[in-house]
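Undergrad: Take a look at the following structure, please.
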Amino acid sequence: MAASQVLGEKINILSGETVKAGDRDPLGNDCPEQDRLPQRSWRQKCASYVLALRPWSFSASLTPVALGSALAYRSHGVLDPRLLVGCAVAVLAVHGAGNLVNTYYDFSKGIDHKKSDDRTLVDRILEPQDVVRFGVFLYTLGCVCAACLYYLSPLKLEHLALIYFGGLSGSFLYTGGIGFKYVALGDLIILITFGPLAVMFAYAIQVGSLAIFPLVYAIPLALSTEAILHSNNTRDMESDREAGIVTLAILIGPTFSYILYNTLLFLPYLVFSILATHCTISLALPLLTIPMAFSLERQFRSQAFNKLPQRTAKLNLLLGLFYVFGIILAPAGSLPKI
């Protein structure tokens, strides 16, 4: 996007002459109104697609899958690696597609700008049609994985479809269609989709039935995942307000956003402390990440929001992994089925 060039004019580098839009160059080709994107290698193109997926956020979908699978293993003694991999790919595909939908609609609504964290379309790293095609591919990949899971898993079709397409709908409607993000309901969608729903999906795929207790065990992880989104929305509070959209961070203001972030950050540790005291000491493993949480609290308090969502996602990943290890290491019968 060469802002210094005059729109409708182009320099002929062969002759040094100025060529008007619509004229032909010495080779007989039409001169487009805007410069074309420079040709890039396939490696650069692949790197651009990976960047558009925001892979740093994938802890929000991988840790719930790991937790649901660990609960299935600890409660029923079953863990099919094929189902684990298929479930992880399906959830990752839906998550990645949801990120692309968010990128597309934020750009089309004029929310993303040069100072935004996601400048995939603003900087023309990819074109809008590239993002749309990639999103369709990922949703299709997710559906193919769901179909494979149906043939491999003992879970009933109606239960699998209900959970999977519920998550798929949530990932799209976050910014597409209704656009829950723009009416302060995005936090609720993320809290449900990348918390209880993803954990239940991974658990049910393994054991072939639904249960209540995986939803309860998903709460600490869901709160940590919501902290990622809330830190992102707090950082973008001013630009979102200028764009005319409403998020939870805008509604409650900076002070209560700080209080909410701390609640989302530290409440899981209270839950882990209670579980470690009354159930098994292995569930104290996530407490090892408390120093990271205090570091994030200081960064939020000082309003140094740069890279805060990414650092919160890193905490979410480590906390989730320690939580999963704690579940796996728990003695048989020590975990209550609520």
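Every residue, even glycine, has its Cβ placed from backbone N, Cα and C.
Residues annotated as N-acetylalanine in Swiss-Prot, with a large-scale study or a structure entry given as evidence: ALA2. Residues annotated as transmembrane segment in Swiss-Prot, with sequence analysis given as evidence: 83-103, 134-154, 160-180, 188-208, 209-229, 245-267, 277-297, 315-335.
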Undergrad: Given a Cβ distance threshold of under 8 angstroms, which distant residues of the chain, six or more beyond its ends, lie next to the transmembrane segment (188-208)?
TA: 60-61, 64-69, 71-73, 75-76, 78-80, 83-84, 86-87, 91, 95, 149, 153-156, 159-160, 163-164, 166-167, 170-171, 173-174, 180-181, 214-215, 217-219, 221-223, 225-226, 229
Undergrad: How about long-range neighbours of the transmembrane segment (83-103): same chain, 6 or more residues beyond its ends, C-beta under 8 Å?
TA: 52-54, 57-58, 60-62, 64-65, 68-69, 112, 118, 120-121, 131-132, 134-136, 138-139, 141-142, 145-146, 148-149, 152-153, 164, 167-168, 170-172, 174-176, 181, 194, 198, 201-202, 205-206
Undergrad: For the transmembrane segment (134-154), could you work out the same-chain residues 6 or more beyond its ends whose Cβ comes under 8 Å from its Cβ atoms?
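TA: For the transmembrane segment (134-154), the list is 49, 52, 80, 82-83, 86-87, 89-91, 93-94, 96-97, 100-101, 104, 126, 160-161, 164, 168, 172, 205-208.
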Undergrad: Count, for each of 209-229, 277-297, 315-335, the Cβ pairs lying under 8 Å from the transmembrane segment (245-267), and report the range with the highest count.
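TA: It is 209-229, which has the most Cβ pairs under 8 Å.
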Undergrad: What parts of the chain pack near the transmembrane segment (277-297), using Cβ distances under 8 Å and only residues at least 6 beyond its ends?
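TA: For the transmembrane segment (277-297), the far contacts come to 220, 231, 261-262, 265-266, 268-269, 308, 311-312, 314-315, 318-319, 322-323, 325-327, 329-331, 334-336.
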